Amino acid sequence: MKPDAHHVKQFLLRLQDDICQTLSAVDGANFVEDSWRREAGGGGRSRVLRNGGIFEQAGVNFSHVHGDAMPASATAHRPELAGRSFEAMGVSLVVHPHNPYIPTSHANVRFFIAEKPGADPVWWFGGGFDLTPYYGFEEDAVHWHRTARDLCQPFGDDVYPRYKKWCDDYFFLKHRNEQRGIGGLFFDDLNTPDFDHCFAFMQAVGNGYTEAYLPIVERRKAMVWGERERNFQLYRRGRYVEFNLVWDRGTLFGLQTGGRTESILMSMPPLVRWEYDWQPEAGSPEAALSEFIQVRDWVSLPDNSSVS
């Protein structure tokens, strides 16, 4: 089937609506929308919820941009695409809660199509979701990964293990030699076996995000926290910033295509701190995080998992 970019765009717009409505219902605060246009072609709508009852900042961005040539970040691993016109569209979101016991979450689904006269279009889907806890709860990690596994299952037994590993490999801070969080799913360059199959999988990932995240929010939102937990949360948010600015392909793509900087950097936490050579107290919950975020087979842990 010929790729239907219009159909994909309509799904993405609905997905942004659905996620914003769901997060607002949980938090009690509303998103503020900022529509924007890109001079070189395209635009989008950025929605941000600030200082809510649960979420310190939640940003849900839709963008649809197009241009006459693919940017370097997109052709680095596919040089045959150089010189093609392109369309890129997607929904990307990051949620930073107030409560340090609630993890930060990120999700993204996207579609690219590159064309030139006399040649078949080249297209692919990408996306995924990942979780960045500050204090580790095994039952949360198990739920997150089982939700990911279950949505992958209709598409093949090998899909979840493959995209889990890709997520673990991708969200890795090489300069720190540590994982960003506990991962989830990550896929890119998906264009087989056909458009309908790939589009259905992208939809499953997009729709699965709230199913994976909101039960964790509900479970942790009433936990009491203080200055110690807050300081650790702000310190660990620094890792989030480092990854996005140094390693993230999506950030590089947006900046290199002349995307809207405010929307691209919407994923940044509103407050963050760095402290030179800081080390957590041995045996503390903060020290336990480094072990908790090590790559493991979360779906195989028992149902009665407890705090790690």
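Every residue, even glycine, has its Cβ placed from backbone N, Cα and C.
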Recorded substrate site member, picked from SER92, SER267, that accompanies ASN108, VAL109, ARG110, GLY258, GLY259, ARG260 in Swiss-Prot: SER92
Cα-proximity to HIS96 (divalent metal cation binding site), 10 Å cut-off, over recorded positions HIS106, ASN108, VAL109, GLY258: HIS106
Secondary structure tally of the region 'Important for dimerization' (240-275) (DSSP, helix then strand then coil): 22 helix, 0 strand, 14 coil
Packing count at SER92 (substrate binding site) (other Cβ atoms within 10 Å of its Cβ): 25
Pairwise Cα distance maximum in Å, substrate-binding residues per record: SER92, ASN108, VAL109, ARG110, GLY258, GLY259, ARG260: 20
Nearest of the recorded positions (HIS106, ASN108, VAL109, ARG110) to HIS175 (divalent metal cation binding site), judged by Cα-Cα distance: HIS106
Between HIS145 (divalent metal cation binding site) and ARG110 (substrate binding site): CA-CA distance (Å): 21
